[in-house]
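The structure appears below as structure tokens.
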Amino acid sequence: MKKIKKIKSKSRLIKKTAKTRAIRIDANVDFQAKAAFSVPKIKIIGVGGAGGNALSRIESIMPSIETIAFNTDIQDLRGCKAKKKIQIGKEATRGRGSGMDPDLGRHSAEENKEEILKSLEGAEIVFLTCGLGGGTGSGASPVVAECAQSLGAIVVAVVTMPFSFEGKEREQVAYRAHQKLLEKVDALVTVPNDRVFNIIDTNTSLKKAFWQIDEILREGIQAIHDLVVKPGLNNVDFADLKAIIKNSGEALLGIGFGDGKDRAIKAAQKAIQSPLLDITINNAKGVLFNVSAKDDLTMIELQQAAKTITELVSPEAKIIFGTSFDSRLSKGKMKITVVATGFNKDKETHSALPFDYSQSNYSSFDKTQGGQGRSFGYSQDRKSGVEEKDSEISSHAKDVLKEKIKPFESLEDEPAFLRKKK
């Protein structure tokens, strides 16, 4: 009898232990599943020559993210370093590009719509980059963006506008494409190529100038990527980004660095005064900002950064902030990333508007201003609330670029702008 009781008791203990272990295992599996799904799936898309060139730069810095290039020009596509390369419009263009015909670019994307949709499956955030003003970037980008949105992804586009000296026709193509793309994405960050004159001097080569434009695009995409992927003390997650960006229209994306005394104020000011963006943070109705430093970030510095950024936005603005410790930053350095949306579309604030490219804007560089070119067609109205000084722009440019300029190693590294317009 005693043996039977012992066996039954042992049996109950084994069952209880097994049940407890099963609960623990289930809890662990559930936790692992949640952890796995906490990081959103990100894909970066480049459309046309300029978009593919940007991907080549991003690929070397952010190798873990899936990059996909779409192009009508087979020669440009072969030189692109994206993980996946898809030729569109094989029948429509025969691999020769689409020139300055956005309709041909659109037809090319529609011809391969199923392939585009398949390549975007599973993405929760899609970054789309292209140059507007040509055929492929202008015509195919809205189709690609629409495909991404139809799959439920948040779509953020970072685009460049043509130089004023490229003429009215390309300017008008770019402007019309900008308006169409604005309807197909959640947020649109616009970089007018003319603004590169704010961050170069008389000794900057043509190749290096184009490299700087590509580098700012990469910095912007990496900034948003880091916001939602890298853990922080006060974490900014995908839901936060979605709350600010979803169906927001025109957007400002800024990155600022600061060190020494008042580093938080310096970094915040530079983040909201980007030398390459023709839009200010004034009256924004949605703001997400993240403050990064080593482990020496103080509460007072957080307050200083927040005050600098939020005093210019709408009183009703939705504001989300995050803080993180970044070991990549040098000691004493602070980095602030700002995403601002919800601008008043009735006001003349967006950068797609044509620039004033009168002869006075192409005057020689003023050596007394540190060799910095002046802003092109940047009206006093747009400057209200934020005083942009040439010396500040020079400092910001040096901080953002961090001496990353280097010679092109091959023709493949050369921007598509220099090889062939799409």
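Note: Cβ is positioned from N, Cα and C throughout, glycine not excepted.
According to TrEMBL, the GTP binding site annotation covers Gly49, Ala50, Gly51, Gly52, Asn53, Gly135, Thr136, Gly137, Glu166, Arg170, Asp214. Feature annotation from TrEMBL assigns compositional bias 'Basic and acidic residues' to 380-398. Under the heading domain 'Tubulin/FtsZ GTPase', TrEMBL lists 41-232. As annotated by TrEMBL, domain 'Tubulin/FtsZ 2-layer sandwich' applies to 235-352. Residues or ranges marked as region 'Disordered' by TrEMBL: 364-398.
Everything TrEMBL records as a feature, shown here on the structure.
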residue: Gly49; record: GTP binding site; Cβ within 10 Å: 31
residue: Gly51; record: GTP binding site; Cβ within 10 Å: 33
residue: Asn53; record: GTP binding site; Cβ within 10 Å: 31
residue: Thr136; record: GTP binding site; Cβ within 10 Å: 36
residue: Glu166; record: GTP binding site; Cβ within 10 Å: 19
residue: Asp214; record: GTP binding site; Cβ within 10 Å: 22
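Under DSSP, Gly49 (GTP binding site) is assigned to a helix (H, G or I) in the three-state scheme.
DSSP gives Asp214 (GTP binding site) a helix state.
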